[in-house]
Amino acid sequence: MNPNCARCGKIVYPTEKVNCLDKFWHKACFHCETCKMTLNMKNYKGYEKKPYCNAHYPKQSFTMVADTPENLRLKQQSELQSQVRYKEEFEKNKGKGFSVVADTPELQRIKKTQDQISNIKYHEEFEKSRMGPSGGEGMEPERRDSQDGSSYRRPLEQQQPHHIPTSAPVYQQPQQQPVAQSYGGYKEPAAPVSIQRSAPGGGGKRYRAVYDYSAADEDEVSFQDGDTIVNVQQIDDGWMYGTVERTGDTGMLPANYVEAI
């Protein structure tokens, strides 16, 4: 159905229809409200949904206000109110972003403990990935003891090859006893080394440090890579209690920083 013209009220057919300002117009009826100049979609200006030309388009006028003392006082008061409101909003939202925490000794100790725990977990994951999931963790100390035993035995054979006759090697054992007293008469390299290392302990397990560790608390001990830990007692999965043989200090130590010997 064809709409009616917004100006003359007659039917507007598609050939002469102008759709503008949410209304339908005849091309001849789409003219300026003031001068009746015919307009098009390029040169019209709308005001209150009525078409105007550029010359008669209603312009908004501003009333000039004199700078009287009263107006100046009101202006200054408005600026002060705006500044006060800005400061009020600033102070209100000041603590919502983030708060600065004082760097107390207690917080420093907690931070250092967290760093130590993260370092322990990192080394634990590294050891698991290095030993593999096939149960190689239990065989690692024994393999190292075998290597150590073979390295101890090789210098003896190089230093005194002329003291070991081929006919009776057992009778030459008393001559080798002062040099390697803890070897005994066993020919397996792993067993004499374990006897040599466990003899001075006098009770408890013995462990060897595989990393350097600095004590993070008063009840912990510090040690270096290669130190021997004696009288070791298991506290839980992550911590042990023992004595550093080199320094004589006794306290807690991380379990994944040492290995059994």
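One-based numbering along the chain as shown.
Placed from the backbone N, Cα and C atoms, the Cβ positions cover glycine too.
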Self-check item: phosphoserine per Swiss-Prot (candidates: Ser82, Ser99, Ser167, Ser182)
Solution: Ser99
Quiz item: Out of Ser78, Ser129, Ser134, which residue gets the phosphoserine annotation in Swiss-Prot?
Solution: Ser134
Self-check item: N6-methyllysine per Swiss-Prot (candidates: Lys59, Lys75, Lys87, Lys205)
Solution: Lys75
Exercise. Please name which of the modified residues listed here, Thr68, Lys75, Thr104, Lys112, Ser118, is nearest in space to Lys42 (N6-acetyllysine), Cα against Cα.
Key: Lys75
